[in-house]
Amino acid sequence: MFTFILRRLGLLIPTFFGITLLTFGLIRMIPGDPVEVMMGERSLDPQMHAEALHRLGLDKPLYAQYFDYLSNLARGDLGQSLVTRENVWAEFTTLFPATLELALCAMLFASVVGLLAGVLAAIKRGSLFDHGVMGISLTGFSMPIFWWGLVLIMFFSVSLGWTPVSGRLDLMFDIPPDTGFMLIDAWRAEAADPEYNAGAFKDALMHLILPSIVLGTIPLAVIARMTRSSMLEVMQEDYVRTARAKGLSPARVIFVHTLRNALIPVLTVMGLQVGVLMGGAVLTETIFSWPGIGKWLIDAIGRRDYPVVQNGILIVATLVILTNFIVDILYGIANPRIRHAK
Amino acid sequence: MSLLEIKNLSVQFGRKDAPFNAVEGLDLTVNEGELVGIVGESGSGKSVTMMAMMGLLEGQGRIVADKLSFDGKDLLTISARERRKIVGKDIAMIFQDPMTSLNPSYTVGYQIMEVLKVHQGLRGAALKARALELMQMVEIPAAESRLSAYPHQLSGGMSQRVVIAMAIACKPKLLIADEPTTALDVTIQAQIMELLVSLQKSQNMALIMITHDLAVIAEVAQRVAVMYAGQVVEMGAVPGLFRQPVHPYTEALLSSIPEHSKGASRLSTLPGIVPGQYDRPAGCLLSPRCPYVQPNCRQDRPALSPHGEGAYRCHYPLLNKETAR
Ligand SMILES: Nc1ncnc2c1ncn2[C@@H]1O[C@H](COP(=O)(O)OP(=O)(O)OP(=O)(O)O)[C@@H](O)[C@H]1O
Ligand code: SF4
Ligand SMILES: [Mg+2]
């Protein structure tokens, strides 16, 4: 198990370098530099332009800029936003809880519904329910997020008026961001002052529902399909026949002897969804004006805010990689054959 | 009264309008404490018969029988819940490949104790003690530490011992061993056979031994059923059936014994293979391969005729003929 972890860790280093190179290169490929974008349509004095670039260190050759970037990284310095002058890490930590809250709720929704639908479809293989689940998940998998978000808003927010259109909380509330998780903060604020903050928690929850569904749709489809096929495969295993020959109840056979083993590939797929989730968060946050990392990065790209884009993406990518790493380890724990491997 | 009584059992797979009878008109009885052998080539329906009786074909095969009773209980009309109280407790089954028969995610101890918990309600120290005792009964060395081993840490022979421990956990009245040694090394095969036979005696349980190894059956079984293409073609007491087979198929099986004890699943003395779903002949199922075939064999399927303590299915039994052996 120890060498297993070491080997996985070793793979992280080249991945990490690859990401720095990619983000560094890609943002510079977009035409326009930060100074130009800041000045907008106004004509820019070439002299001032050059001076501004020099101040930002953007007049150096690319390799020197990249080297600076890496050496700053090595010192743990993620730089400042060119626009707000705020520390990138500080901006990230302020905004990240909003994204994490959304991603967690989306994943919770996707896992609970996906696992349940997958298991039931496998048990009732060939039934109407099975075909329904498979059909819907195929649709869900190829759903364009932007369009899907707008459809849900049109229907539930605009036509039915059940859920709010955008944001994390109604403007009439003023909740201190203690944890950054709106559900928790609203809950605590409401508990502290039930009268003044009446209904804050419910409002926060209502704001979360649609974005979670939109963001969770693709992972849901993937998890449901994977769970179903993995269950069907394990149900054919000899040891499941042994379990039935032991006279165990169908529930025990399914949940103890089948699901446990069927979950192993599903777990991996769930881990891979973290990347999908981060990509989806960018779109979802834009549709719902959700003040999180996705919206932050989109804005930063629009402003050619190089440090924010480079390091923001680096942080997100590192998080995705770390999650996948943790999933790998969990995979090892769930599967004794790997756990005991030398 | 017999412990197990099967009368006219049929198991159908596939669509209702084009069914495939994997088992057809099968009769079998097993008495308490008796060792019955079932032999026959691959695909003759040995496993399907046993799985049908255990209720393991749910949702796959359609089961029809005149009688299917175990220990006085009618397995045809019993509810699934009642059946689960018998299966794994009074009837236990062990399968061909021990390496895939154990759940890779749970320890050996867990899997043995699970049976004891579910059927006997054992808990705590008594549970652990009984599991340990079972491990010792199947002669697993270092039993105590092996309780916490995972299946992949055990050899095939050890795994099969664990499977056997699990099967005999609740002192079953009937144990079904479906080719318990086929997947094992030759050196281990004899040990496992010996273990099963000695457990059968010490636990006084009935044992149905399914195998390709006729030599073993000749040595340990009291009676033997020869199966072919879903039917019992000959049934008889042991020394008798081996000395004087009446059915051409039995004769062919016996004449290829040296091969079979090496684990071969085909017969060199009878060309061809067991007919499957699409090539079942109309008359006697053996007629395409039988050396004694007559024209009417190809039209009329022979019924079961009693013979001594046993029975056979053939129009032209080898009754007055000394066999070539
Ligand atoms: N679930 C199933 N669906 C359809 N056909 C099946 C199924 N299980 C078994 N059969 C068919 O039933 C026939 C009898 O199979 P069975 O496994 O009982 O043979 P066997 O005598 O145990 O052979 P072996 O010695 O190889 O174990 C075979 O033709 C097989 O293909
Ligand atoms: S009935 Fe005819 S074909 Fe069938 S086994 Fe007897 S002799 Fe052979
Ligand atoms: Mg078989």
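The chain as shown is numbered from 1 upward.
Just so you know, glycine gets a Cβ as well, placed from its N, Cα and C.
As annotated by TrEMBL, transmembrane segment applies to A:9-30 (among others). Using a Cβ-Cβ cut-off under 8 Å and counting only residues 6 or more beyond its ends in the same chain, the transmembrane segment (A:9-30) has close neighbours at 62, 65-66, 69-70, 73, 301, 304, 306, 309-310, 313-314, 317-318, 321, 325.
Residues or ranges marked as domain 'ABC transmembrane type-1' by TrEMBL: A:96-331.
Annotation source TrEMBL lists transmembrane segment at A:100-123 (among others).
If you look up TrEMBL, you'll see A:135-162 (among others) marked as transmembrane segment.
With a threshold of 8 Å between CB atoms, the same-chain residues lying at least 6 positions outside the transmembrane segment (A:204-224) that come near it are 101-103, 105-111, 113-115, 117-118, 121, 133, 136-141, 143, 145, 148-149, 152-153, 156-157, 162-164, 167-170, 182-183, 185-186, 266, 269-270, 273, 276-277, 280-281, 284-285, 287-288, 290. The transmembrane segment feature in TrEMBL is assigned to A:204-224 (among others).
The transmembrane segment annotation in TrEMBL covers A:262-283 (among others). Nonlocal intrachain contacts for the transmembrane segment (A:262-283), taken as residues 6+ away from its ends with a CB within less than 8 angstroms of a stretch CB, comprise 99, 102-103, 106-107, 110-111, 115, 118, 145-146, 149, 214-215, 218-219, 222-223, 226-227, 230-231, 233-234, 292-295, 297-298, 316, 319-320, 323-324, 326-328, 330-331, 334-335.
Annotation comment: TrEMBL describes A:313-334 (among others) as transmembrane segment. Sequence-distant contacts of the transmembrane segment (A:313-334) (same chain, at least 6 residues past either end, Cβ-Cβ under 8 Å): 1, 4-5, 8-9, 12, 15-16, 19-20, 23, 73, 78, 89, 92, 260, 263-264, 267-268, 270-272, 274-275, 278, 293, 297.
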